[in-house]
Structure formats: C-alpha cells, structure tokens
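**Q** The structure follows.
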Amino acid sequence: MKNITFYGRFENDILAGRKTITLREASDANVSAGDKVRVSRYEDDVFFCNIEVIAVTPVMFDNLNETHAAQENMTLEQLKDVISEIYPGLRELFMIEFRLI
Ligand SMILES: CC(=O)Nc1cc[nH]c(=O)n1
C-alpha cells in the first residue's frame, strides 16, 4: 500500500472528516483515484488512518478558492499562508481529494 504523510497538526481534522483534500507538489502526488493509502505523521511516521483517493486534480496557487479552503477546514487566507510556507513560490499544485476508510 502507498503511504502519504501529513503534518501532525492536521491529524485531528483528518480523523474528524473536516479536512478532505490535500494540496501537494507534483513529487508528492503520486497517487490515483481509487488508491488506498496509508497515512502517517510527517514528524514521527506514526500511522493514524487509511484513506481512499477520490481524485487528483491540478490546481494553480492563484486559483485557490473558498471551496478549497473549506475542504482544508481553513479560511482562504490561512490556506494560502500554509501552502506558501510549505511550498514557497510553487504555483502548480495537485489537489488530492480523499475519504477515510
Ligand atoms: C508533510 C506534508 O507535506 N504535508 C502536507 C503538505 C500539504 N498539505 C497537507 O495537507 N499536508
């Protein structure tokens, strides 16, 4: 099974179903619709759930909108700040939509 990591600060939102997408750079988006993926924390690699990928869609940073923000359980300003911090200067992102399994 493939693995993906999330920062620990996102764990509770994922487990509660409040965060249903993740925005990644291309090298971190090597999953496809239907993949079942093991999820662990980036900081310590502790497993915390499995997800199924619903879709993988390219999205430009400048086209991020309120829907993306809601799917990340953030405001749009928060989302842009978070993505800019994780991927400084990156314009082309990939949105991975997922559900808990
Ligand atoms: C570890 C890591 O890169 N985590 C990320 C990156 C972008 N979005 C996200 O939800 N988690």
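The backbone N, Cα and C atoms fix where each Cβ goes, glycine too.
On a predicted model such as this, the values are computed, not experimentally measured, just so you know.
Annotations for this protein, taken from TrEMBL, read as follows:
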ACT_SITE  Lys19  active site, proton acceptor
ACT_SITE  Thr22  active site, nucleophile
ACT_SITE  Glu72  active site, proton donor
DOMAIN    4-101  domain 'ASCH'
**Q** Across all the protein chains here, work out how many other Cβ atoms are within 10 Å of the Cβ of the residue listed as 'active site, proton acceptor'.
**A** 18
**Q** For the domain 'ASCH' (4-101), what does DSSP give as the number of helix, strand and coil residues?
**A** 31 helix, 36 strand, 31 coil
**Q** Can you tell me the CA-to-CA distance separating Glu72 (active site, proton donor) and Lys19 (active site, proton acceptor), as a whole number of Å?
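**A** So the alpha carbons of Glu72 (active site, proton donor) and Lys19 (active site, proton acceptor) sit roughly 5 Å from each other.
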**Q** Taking a cut-off of under 6 Å between Cβ and any atom of ligand 1, tell me which of the active-site residues Lys19, Thr22, Glu72 pass.
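**A** What lies within reach of ligand 1, judged by Cβ under 6 Å, is Thr22.
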**Q** Other than its own, how many Cβ atoms are within 10 Å of the Cβ belonging to Glu72 (active site, proton donor)?
**A** 23
**Q** Let me check the 10 A CB neighbour count of Thr22 (active site, nucleophile). How many other CB atoms are there?
**A** 21
**Q** Average the pLDDT scores across the domain 'ASCH' (4-101) and report the rounded value.
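**A** That stretch averages a pLDDT of 98.
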